[in-house]
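Feature annotation from Swiss-Prot assigns active site, proton acceptor to H122. As annotated by Swiss-Prot, substrate binding site applies to R36, L55, D56, L57, K58, G121, H122, D123, I124, N125, Y126, with the evidence given as similarity to another entry. Annotation comment: Swiss-Prot describes K58, K87, K101, K118 as N6-acetyllysine. Sequence annotations record features per position, and here Swiss-Prot assigns N6-succinyllysine to K87, K101, K268 based on similarity to another entry. The annotation region 'Disordered' is assigned in Swiss-Prot to 319-347.
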Amino acid sequence: MALRGVRVLELAGLAPGPFCGMILADFGAEVVLVDRLGSVNHPSHLARGKRSLALDLKRSPGAAVLRRMCARADVLLEPFRCGVMEKLQLGPETLRQDNPKLIYARLSGFGQSGIFSKVAGHDINYVALSGVLSKIGRSGENPYPPLNLLADFGGGGLMCTLGILLALFERTRSGLGQVIDANMVEGTAYLSTFLWKTQAMGLWAQPRGQNLLDGGAPFYTTYKTADGEFMAVGAIEPQFYTLLLKGLGLESEELPSQMSIEDWPEMKKKFADVFARKTKAEWCQIFDGTDACVTPVLTLEEALHHQHNRERGSFITDEEQHACPRPAPQLSRTPAVPSAKRDPSVGEHTVEVLKDYGFSQEEIHQLHSDRIIESNKLKANL
């Protein structure tokens, strides 16, 4: 796999950090999840392909263990607020002194500087501060968060993964690691570059929910069907819009011009009335295989079984028959081979990991006696 041999230490956190670590593991990296003592499980359920080490970082011997491991690692991924790692004497200056090749990835909400750098937040707060949340929502309604995907996973976990890969690539030239300041506010803002760049064109000149690409246009929104389901319409280009009208049984002559913004509300009512006359399945029979840019709004379960997704193998199942998306993108020579095993229990690989990182049997036994580590396999390995 593409990242075979890359050693990653991921400090336990929520959502974006685990997602970043999972991507790296899916593509072949050796990811060790450094869990807190006493943890019961992994709340983000994104520990696929990782090994778990339970370690008390709040005590100096535990911090010393991590420091020693970082001397042999390629990447450290930490998800804490600004300053936390420095308090533990595990800041980048300290760890990179031992290992100049170490890539120190810092994934936070607000970044390592600025007035918000040490305050708490969640996805909705990061999307709000990026400016993007102001653009999401229906006309006349409050802005609403797009699940917790945009900041946590797009602007956070995925952008941090990109930073790590860039740093790994650059290291092949310089032989040196570097510090990555990945944060969800700036990551989300970067994802919205198109929005910023097209403001001068007037693409977002109307109030929220009344523009071309935010549900304001009658040909770029969703419609309810006769059976209470929904269809998604994205017929922007004139040739696609013509096919949309054909499928709906409408003539362009009986409607205002496609780009007549002032007529969009009435056109939406007209389209809604037509869509409400047939079921989702009936509309699929009409539009599937056409260039009208009309698709069904699928539930997760429906997406799993949709013919297109099944033909491509877009979803996989683990040994417990739980389904999830296959890693993307697909690489032709070195594709991802995600683990089909269950997520590790906390501390399941503590002894194994420490041995791999050069700790002796006696050292491991002492760490356990001092309650610096936990392992549910300790007795079997000592």
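Cβ atoms here come from the backbone N, Cα and C positions, even for glycine.
As the structure is a computational prediction, the values presented were derived from the model and not from experiment.
Everything Swiss-Prot records as a feature, shown here on the structure.
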residue: R36; record: substrate binding site; contacts (Cβ under 8 Å, 6+ apart): A12, A54, L55, D56, L57
residue: K58; record: substrate binding site; contacts (Cβ under 8 Å, 6+ apart): L88
residue: K87; record: N6-acetyllysine; contacts (Cβ under 8 Å, 6+ apart): none
residue: K101; record: N6-succinyllysine; contacts (Cβ under 8 Å, 6+ apart): D74, R171, G175, L176, G177
residue: K118; record: N6-acetyllysine; contacts (Cβ under 8 Å, 6+ apart): R81, C82, G83
residue: H122; record: active site, proton acceptor; contacts (Cβ under 8 Å, 6+ apart): G109, N148
residue: I124; record: substrate binding site; contacts (Cβ under 8 Å, 6+ apart): L133, P145, N148, A151
residue: Y126; record: substrate binding site; contacts (Cβ under 8 Å, 6+ apart): G109, F110, A151, D152, G155, G156, N183, M184, V185, T188
residue: K268; record: N6-succinyllysine; contacts (Cβ under 8 Å, 6+ apart): P218, T221
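Per the record's binding annotation for substrate, residues R36, L55, D56, L57, K58, G121, H122, D123, I124, N125, Y126 show a top Cα-Cα distance of 31 Å.
Helix, strand and coil residue tallies for the region 'Disordered' (319-347), in that order: 0 helix, 3 strand, 26 coil [DSSP].
A coil conformation is recorded for D56 (substrate binding site) in the three-state DSSP classification, outside any helix or strand.
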